[in-house]
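> Quick one: the structure is below, and I'll ask about it shortly.
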Amino acid sequence: MLLLPLLLLAVIVPGGDNEDVFQGPTSFHVIQISTFANSTWAQNQGSGWLDNLQLYGWDSDPGTTIFLKPWSKGNFSDEEVTELEELFRVYLIGFTLEVQDHVSEFQLEYPFVIQDIAGCELHPGKAVESFLKGAFGGLDFVSIKNDSCAPVPEGGSMAQRFYELIIQYHAICDTIAKLLLETCPRYFLSVLDAGKAELQRQVKPEAWLSSGPTPGPGRLLLVCHVSGFYPKPVWVMWMRGEQEEPGTQQGDIMPNANWTWHLRATLDVAAGEAAGLSCRVKHSSLGDQDIVLYWGHPTSTGLIFVAIIVSSLILLICLALWFWRRWSYLTIL
């Protein structure tokens, strides 16, 4: 455990340059979704994530991990990965049986779903904090933070009974503690290092403007779309000159399938006030060259489309003239 701060420093500050701030994922977590249809049928699904970037999935039939990136194992050996797979496989079998044995005691009614999320996250002070949360029907019932375990008050009596049940299994509690406090931070930091080239890449955003559904009579909804950028932090704002428009509404930053991000920023304005507005995009990949798109001006996509149409027409005219001249020449002969 004493090596973790040194590993963290090596990952966050490559080459010892304090100005090279890592802008990649700040958490790793595993999600478990267990569906119980009846007393004889249950299905367990699992996946591992760096923030919103999926690293692997769990194939429940053979009980093996499906790695989605070449560096998804971090610096863990094949033997360590196999050992963790076996541990997770045994855990899921025991978890399923244990839940089915206590359905009546906990007054559960089929079908139901239990969700767990466990992992570790990096805080601004460069400390790694581990966590585990369990939920039934979308309501949390148990929470573990570092080495502290407690029922969630919102979970009521069921949360208390589950907590009292789980703490009886000392071996399970010790295994969970080791996974959360030792294995998770070590894996998290190693996978950040193994995937550094991809996680620290810079991908420039693309931006375009459109109008959204009419908010009301005499009004316009201006939409600024920004997509394909990485890393995640981005600044998008509607502007009038150098002044920010306070009515700008920025949506959530959502992931694309190719590990980039997208979002949109909207502005509700009177139709007569749209002239002179622009959308400004700031992103680390752009340096000091912000993207600025002016409302009412042709976008680059529109210009490209027009250029293609014009070029195609010119080509067709040239071909027609060539065929006409050739036909005229052959007719004379």
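Just so you know, glycine gets a Cβ as well, placed from its N, Cα and C.
Not my notes, these are from Swiss-Prot:
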{"type": "CARBOHYD", "residues": "N38", "note": "N-linked glycosylation site"}
{"type": "CARBOHYD", "residues": "N75", "note": "N-linked glycosylation site"}
{"type": "CARBOHYD", "residues": "N146", "note": "N-linked glycosylation site"}
{"type": "CARBOHYD", "residues": "N258", "note": "N-linked glycosylation site"}
{"type": "MOTIF", "residues": "329-332", "note": "motif 'Internalization signal'"}
{"type": "SIGNAL", "residues": "1-18", "note": "signal peptide"}
{"type": "TOPO_DOM", "residues": "19-302", "note": "topological domain 'Extracellular'"}
{"type": "TOPO_DOM", "residues": "324-333", "note": "topological domain 'Cytoplasmic'"}
> Taking the Cβ of N75 (N-linked glycosylation site) as centre, how many other Cβ atoms lie within 10 Å?
14
> I need the nearest neighbour of N146 (N-linked glycosylation site) among the glycosylation sites N38, N75, N258, using C-alpha distances.
N75
> Using DSSP and three states only, what is N38 (N-linked glycosylation site)?
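It is coil.
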> Which site among N38, N146, N258 has the most other CB atoms no more than 10 Å from its CB, taking these as glycosylation sites?
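Result of the Cβ crowding comparison: N146.
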> Could you round the CA separation between N38 (N-linked glycosylation site) and N75 (N-linked glycosylation site) to a whole angstrom and send it over?
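Computed Cα spacing between N38 (N-linked glycosylation site) and N75 (N-linked glycosylation site) is 40 Å.
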> Looking only at C-alpha atoms, tell me how far N75 (N-linked glycosylation site) is from N258 (N-linked glycosylation site), rounded to the nearest Å.
24
> Provide the three-state secondary structure of N146 (N-linked glycosylation site) computed with DSSP.
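SS state of N146 (N-linked glycosylation site) = coil.
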> Restricting to the topological domain 'Extracellular' (19-302), report the mean pLDDT as a whole number.
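Mean pLDDT, the topological domain 'Extracellular' (19-302): 91.
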